[in-house]
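K.L.:
Before I ask anything, here is the structure I am working with.
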Amino acid sequence: MAPMGGFYSPSSTLLISTAFTTAYVSSIYLFPASRVSSVSSRPVAPSTPSSTSSTHAPIPPTAIPRDRNSPSVIRARLLAVTIVSCLACLSIRSLLQRYPPSLIHPPASTLLGLDLPTSASKLFNLLTYPLGLTASLFLGSLYVAFLDGSLLPGQRGFRWRKMKDQFTSLQGIRNYIVGPWTEELVFRSAIISISALGGWYKKQLVFLTPLYFGIGQSTAVPRESTERLIMRLMGLGSEIAHVHHAYEVYIGHGRTKQALVNGVLGSAFQFAYTTLFGWYAAFLFVRTGTFFPPFSFDEFHPVSGQAPSQRRDACTGSILPSILVHTFCNWWGLPPIVDALRVYPEKKIPILASYVLGIATFSYGLFRWTEPRLFGGSWYWN
């Protein structure tokens, strides 16, 4: 498939995408309340009966330790990443306004995957097929939850109130609502949009754009071939979007050598896991799609080379499946294979079979259940 655009050079695309990544992560530390802290090591003068004179300065209190789950930290960070996500989407619109209508492609809202389908059937497909595909990969986890009695209403361990509390708590709002929305808007909608405008192929959109969530530092690169740019991207150093987790572990556990080791190892694992998920989420974004009406003006389509009157309705990827899948994966977490085999040794074969069957079902449906025609086509894929 030929590249989609060429409105921006590879170096410009790289710099803009890196700016989005840097802005998202640095915003987490924008407010003092959003930063984690360990117990203060500052000495505090002991209180004595003779120290009650009004001439004595009040003794400063020790700092209250804050981690990423402290309410004040969560509130400040939710506000910060929401602002950055909105600005990233608005910046795509601003970048598109640089070009005359005769050259422009879909509106920014469509390119970002923010338009809804035009029919109930396409909306139904958009909600069910990607989510069902993802659930098949978690078939083993679902079976273990069934054994625990916590999967379905009516089972001994299932509680509607518990589920509601998990979603409506501050941590739940972060993990299942604001987190997935803001991360997908920045790392899928905005970065894939600008990469497509830079002429990236669909395989590059799927496999390279998720690396921005883990790429650390980058420098401006000269105009060069896409293949060389890929190698440059793959060789860039430490991670921006997850290195702050290592920093928080280091700070929160007393700045010790062991805290540093734990933080680095945890961050490396999270980077690998997030990259794998990013490939899948990007794949869903460019495969699913929503229609929008033909343009009312006589523009030239940069991909097909046809005017609107000569082609069918254009379409673009929808961000909704990626957000739903992101929430689903956050909810279920990593498969508890080891724990399940320890708790239910008599169910070893069914448990292992459920995981194997889930992987096989996922592999079977990966392309079949994300076929663009099910969702009205895809601007990015077609």
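Using the three backbone atoms N, Cα and C, a Cβ is placed for every residue, glycine included.
Quick paste of what TrEMBL says about this protein:
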- 42-57: compositional bias 'Low complexity' (COMPBIAS)
- 169-295: domain 'CAAX prenyl protease 2/Lysostaphin resistance protein A-like' (DOMAIN)
- 42-68: region 'Disordered' (REGION)
- 12-32: transmembrane segment (TRANSMEM)
- 76-96: transmembrane segment (TRANSMEM)
- 131-154: transmembrane segment (TRANSMEM)
- 260-286: transmembrane segment (TRANSMEM)
- 349-367: transmembrane segment (TRANSMEM)
K.L.:
Suppose you look only at the domain 'CAAX prenyl protease 2/Lysostaphin resistance protein A-like' (169-295); what would the mean pLDDT be?
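P.N.:
In the predicted model, the domain 'CAAX prenyl protease 2/Lysostaphin resistance protein A-like' (169-295) has a mean pLDDT of 71.
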K.L.:
Do any residues of this chain, six or more beyond the ends of the transmembrane segment (349-367), have a C-beta under 8 angstroms from a C-beta of it, and if so which?
P.N.:
132-134, 136-140, 142-144, 147, 335, 337, 340-341
